[in-house]
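Participant: From TrEMBL, here are the annotated features:
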type     : residues : note
TRANSMEM : 25-43    : transmembrane segment
TRANSMEM : 63-82    : transmembrane segment
TRANSMEM : 89-108   : transmembrane segment
TRANSMEM : 163-183  : transmembrane segment
TRANSMEM : 213-230  : transmembrane segment
TRANSMEM : 242-269  : transmembrane segment
TRANSMEM : 275-293  : transmembrane segment
TRANSMEM : 332-349  : transmembrane segment
TRANSMEM : 355-371  : transmembrane segment
TRANSMEM : 383-403  : transmembrane segment
TRANSMEM : 409-433  : transmembrane segment
Amino acid sequence: MVTVGARPDAVDEPRPAPGGAVVGWIRHAPTALLAAAIALWLSTLPTLTEATAGQYGLLAADGGMALLVSALVTIIGFAWAITIHRTALAAVAVVVTLLIYRVTATVVTEMPLYVWTYKHIGIANYMIDGHASPNVRIYGDWPTFFASMAWFSSVSGVDSLVLAHWFAPVAAGLVALLVATLVMCAGFDARSAVTAAMLAIIVNWTGQDYYSPQAAALILALAVLSLLLYSKQSAAAGYLSLPLLAVLVATHQLTPFWMLVVITALAVIKQIQPRWLPLAFAAILAAYVIPRLGRAASFDLFSGFNPLKNSVVVAHEQGSGGREFTMLLERGLFVVLWVLALVCAIVIWRRRQNLWGIVVIAFSSLTILAGQDYGGEAIIRVFLYSIAGCAALLAVVVSWATTLEHRGWRIAGCLVSASILAVGGAIGLHGYYSGWSYVTISRAQVEHSRELLRATEGRYVIGTLAQNVGWPEGSTAESVRLRLQDPTYDAVFDSLRASLQHKDFATPHDVALIEEALPRNSRARALYVVLPDQAAAYGEYLGRFPATYVPSLIELLSQTPQWTRVIDSEDTVVFEYQPANIRGN
């Protein structure tokens, strides 16, 4: 009868070849693969710096395929190292993967990604200037992240822009480290922990590790979960989790509620000590949130009990071919990861291993959909929060599959494991860089936005065709002060943006609609319309603006009285509208 049991995993050495000697090339091949991957990655960085991405993202641009190949070579080297029990070398492969998957974005850009990053930078700068206000949108009531970043910039002298630029690689590295810690605290071996760390990096296409409260909250949550799983061995770990939970409550709006679900479930199934921790955490959460409900109510903290509606993503209409392709891959990875995690949970359960804590962490995020759409991003949060648990379940089975006694089964396990890692890694890399044409920001755009605020003393309103791309409004303390005076100064296009979409060419009626966005009898003395390259790319990606629309709008505004082109740079055009009846007031 064939035995397919796994061998003990205590020895971190290559598998001996027949005769007792380790075949040299088998032992050193992973090192060679990692060296080749690093060399290829370094050689492609200059090309990626100059690359122009289209609707299929950075991997389809010049140098993108080399980036993908370097990632796949690293994953193969990692799988090889895990197979021959070189766990330390596998950990090195995780670091190389972090370089390729996250440091690339920092090295090949001038400024941090995503325009919403700059609003976070602005709040940190506002605090650096010695100010704080609970009225800064919803952020003011959850200030821990911003206060921490302001403190770090103040004591280190590192500018908030630089800190934000390097935040994602650091955050992703911490998440990977904490996922590995989580696996170890659950009682599994080091090979499983390193594999889980690898998976946590390569399958995460969400882009939620940027300079933001949610990234910090996820790091805190994983630290808490590691302590809680370890509390079965030492109750002191459970007590130590409470201060971190208190910090988490003041960091992010959504994550603490997910954590309350997780902690309650863990207590019910007797996976943590002391078992009254959910009550303590619920008391902390209630004490913090209830006094803030009045201000937070306008931000739709509870979207209604409608899981199907809450699972709908932002911009769910038909988009470009590139967007549909990317969404198919991302959703496919989501589903396959969950199915594989469920299968792995069954395998672990049949081997009489204690897995219930990890299972709760993997699948509990579905409860978010019961009452929150999170601005159309709830389904993204579900995937993000489930990555750690799913990665842990897969990693444990991968560790077993690569150590099966029967040679044929062992080879099959190694090949299947490597294939899953490679396919998941390719999709994760594509997903992370799929929006490259519109998520990048140039140094000139940052300087233009800041100079416009200084030159006008904030006496303006501003609008863009695509709200979240191309114009980093809000990156200074002065912009936060302006937002406190007029919370909607940069949202005047929100009500008319839909009327400008799905047209081949701009019309005089469009210009009239835009002019009506300038409030009369207000503090504003001008309306600025920002038309960056990213807005055109974003509109085409979502299928909202044909390639002809933005150029036609630029031409039309150039010919319309009372409109002046005040910025005309390589990647951005800005028009000023200042009617005669308010000019000079």
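The backbone N, Cα and C atoms fix where each Cβ goes, glycine too.
Automatic prediction, not curation, is the source of TrEMBL annotations.
Show me how these features fit into the structure around them.
Facilitator: Beyond its flanks by at least six residues, the transmembrane segment (63-82) meets 29-34, 36-38, 40-41, 43-45, 47-48, 51, 53, 57, 89-90, 93-94, 96-97, 100-101, 104, 191, 194-195, 198, 202, 398-399, 402, 414, 417-418, 421-422, 425-426, 429-430, 433 of its own chain at Cβ-Cβ distances under 8 Å.
Within its own chain, the transmembrane segment (89-108) has Cβ neighbours under 8 Å at 30-31, 34, 37-38, 41, 45, 48-49, 51, 67, 70-71, 74-75, 77-78, 81-82, 165-166, 168-169, 172-173, 176, 191, 194-195, 197-198, 201-202, 209, 425, 428-429, 432-433, counting only residues six or more beyond its boundaries.
Residues 94, 98-99, 101-103, 105-106, 109, 111-113, 117, 120-121, 149, 152-153, 192-194, 196-201, 204, 209-211, 215-216, 218-219, 222-223, 225-226, 229, 358, 361, 387-388, 391-392, 395-396 of the same chain lie 6+ residues outside the transmembrane segment (163-183) yet bring a C-beta within less than 8 angstroms of a C-beta in it.
Same-chain residues lying 6 or more positions outside the transmembrane segment (213-230) and placing a CB less than 8 Å from one of its CB atoms are 120, 139, 142, 144-146, 148, 167-168, 171, 174-175, 178-179, 181-182, 185-186, 237-238, 240-241, 244-245, 247-248, 251-252, 254-256, 258-259, 262-263, 266, 271-272, 277, 357-358, 361, 381, 384-385, 388.
Listed by sequence, the residues of this chain that lie at least six past the ends of the transmembrane segment (242-269) yet keep a Cβ under 8 A from its Cβ atoms are 138, 142-145, 213-214, 216-218, 220-221, 223-225, 227-228, 275-278, 280-282, 284-285, 288-289, 296, 299, 301, 356-357, 360-361, 364-365, 367-368, 372, 374, 381, 385.
Long-range neighbours of the transmembrane segment (275-293) within the same chain, counting only residues 6 or more positions beyond its ends whose Cβ lies under 8 Å from a Cβ of the stretch, are 134, 141, 228, 238, 241-242, 245-246, 249-250, 256-257, 259-260, 263-264, 267, 301.
Through the fold, the transmembrane segment (355-371) approaches residues 182-183, 186, 225, 228-229, 254, 257-258, 261-262, 265-266, 269, 271-272, 302-305, 307, 310-311, 338, 341, 345, 348-349, 378-379, 381-386, 388-390, 392-393, 396 of its own chain, all at least 6 residues removed from its boundaries and within a Cβ separation under 8 Å.
Same-chain residues lying 6+ beyond the ends of the transmembrane segment (383-403) with a Cβ under 8 Å from its Cβ atoms: 6-7, 9, 82-83, 175, 178-179, 182-183, 186, 188-189, 191-200, 203-204, 206, 208, 218, 221-222, 225, 255, 258, 334, 337-338, 340-341, 344-345, 347-348, 351, 353, 355, 358-365, 368, 410, 413-414, 416-417, 420-421.
Using a Cβ-Cβ cut-off under 8 Å and counting only residues 6 or more beyond its ends in the same chain, the transmembrane segment (409-433) has close neighbours at 2, 4, 53, 57-59, 64, 67-68, 71-72, 75-76, 78-80, 82-83, 97, 100-101, 105, 198-199, 201-207, 326, 329-330, 332-333, 336-337, 340, 394, 398, 400-403.
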